[in-house]
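These come from Swiss-Prot:
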type: BINDING; residues: Arg409, Thr413, Lys424, His499; note: (R)-malate binding site
type: BINDING; residues: Arg409, His499; note: (R)-lactate binding site
type: DOMAIN; residues: 119-298; note: domain 'FAD-binding PCMH-type'
type: TRANSIT; residues: 1-10; note: transit peptide
Amino acid sequence: MMMPRLVPRWPAWLFCWRAACIQGASVRQKMWAGPSKIPGLGGPRGAWGTSPLVPRGSCSASSRTPEVTLTPERYPVQRLPFSVVSEDDLAALERVVPGRVITDPEELEPPNVDWLRTVRGSSKVLLRPRTTQEVAHILRYCHERNLAVNPQGGNTGMVGGSTPVFDEIILSTALMNQVLSFHDVSGVLVCQAGCVLEALSQYVEERGFIMPLDLGAKGSCHIGGNVATNAGGLRVLRYGSLRGTVLGLEVVLADGTVLNCLTSLRKDNTGYDLKQLFIGSEGTLGVITAVSILCPPKPSTVNVAFLGCPGFAEVLQTFRTCRAMLGEILSAFEFMDAECMKLVRLHLGLSCPVQESPFYVLIETAGSGPGHDAEKLGCFLEQVLDSGLVTDGTLGSDERRIKMLWALRERITEALSRDGYVYKYDLSLPLDRLYDLVGDLRARLGPSAKHVVGYGHLGDGNLHLNVTSEAFSTSLLGALEPYVYEWTAGQRGSVSAEHGLGFKKKDVLGYSKPPEALQLMRQLKALLDPKGILNPYKMLPTHA
């Protein structure tokens, strides 16, 4: 028997399946109409009704540690021979961006510290340009004066790539936040690099489209930073990476040259595809100032299922069944272990809507036919329940319920940040070995680690491995590295699936790339930024 049709007369509905149901029971018998709110939550908004990412400055970091150690005091890094900003420099930059040269120490404190509060620079200057020409003038001046520049968007990165290491000038794109054009037939959006991802999502959704990427940090991250790090996120399974959806870029090179490759064409087979050099380059080759991106049509029907699985083998089999049965409507398949759910409950007060399980999966479908999607989803759920792959679950289709269920996955990073110091690893691994490292590390680290958790994007083989401790520990770091990277290399995996390398991971690039590739990367850097002023100390290994 198929699942009941999902029709508008069911406002804010939630369906649950219980493991106590007998084998062979129909899907209808395994469902019940959910309550208006999940136990453990407040009113209709409460902990669920807000954006998943807590704005900068309002997370619990201040209650954990009032001061973050300066990066050079924690890491063995030496300042390169760049010039120091002088009063004459400040006067010259003030003429370029009048009233937008920030030197106040209080205003400079947040952009000097990363969101995870693990690295801290000592920049004395932040610039806020509004236009590409202002960025060009800034970089031209800094190139002539040999002043290092740290491009910065929403500063939501995980690897220290968006914060200065020493006293680099911070070039913020926060005021470059205008939509330049949108074509409502092709779905091509052209915008400045400082547009916040969530604001762009709202803009295109009002016009019947969606952004091809979605991140837990969408309330703060900038599209320019997303492109500069080739951010993956929650929709890669359906829409692919930004290397496929970004059509064109406008980039300012280190010497102030404006490279305008801001095409809106889906097909352009003329010469080298230069935009690919800057996608994922983390601001080391040029400053992205504008983006042309292809937005897919907004689905008229979205469903989210949150399911409990008895083991990781069942998670993999559920994914295999999901791809086979849901096919063209499958848009996301996320997984998380029980430790993740415990931390979300402990630090954020969010209740798990299903019975406790060793693993949980979140599945999103998106399509244009409510009846068609409901029928396919019903068949899938009946299959995984009857086969024992899934022991319990809940399903939502209205916007509020969907946000509630997604918050359980999207706010894991926030929960981890409240648990102590976090050692974060963003790995690509073969699916059948995706979770093995988590159990391996629990045995290896023992009580020296507070928590070892694993979650991520199963659809594209991306594991987010996180280890927490009360405070930073060199002995714990020594037990983790290089062991994690050697283990990953042994599986022919990648040491960075989507977060990039930034400052904290730059020296492990060799675990994923051969020496010949590293040499070519250095040559490209020297060609486009001969003085090395753009985001120094990032991405490329310190030593050749």
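Note that Cβ sites are derived from N, Cα and C of the backbone, with glycine treated the same way.
Using a 10 Å radius centred on the Cβ of His499 ((R)-malate binding site) and all shown protein chains, the other Cβ atoms total 23. The Cβ neighbour count for Lys424 ((R)-malate binding site), using a 10 Å radius over every protein chain in view, is 19. Classification of Thr413 ((R)-malate binding site) by DSSP places it within a helix. The binding-site residues considered are Arg409, Thr413; of these, Thr413 has the fewest other C-beta atoms within 10 angstroms of its C-beta.
Max Cα-Cα distance over the annotated (R)-malate binders (Arg409, Thr413, Lys424, His499) is 17 Å. The average pLDDT computed for the domain 'FAD-binding PCMH-type' (119-298) is 97.
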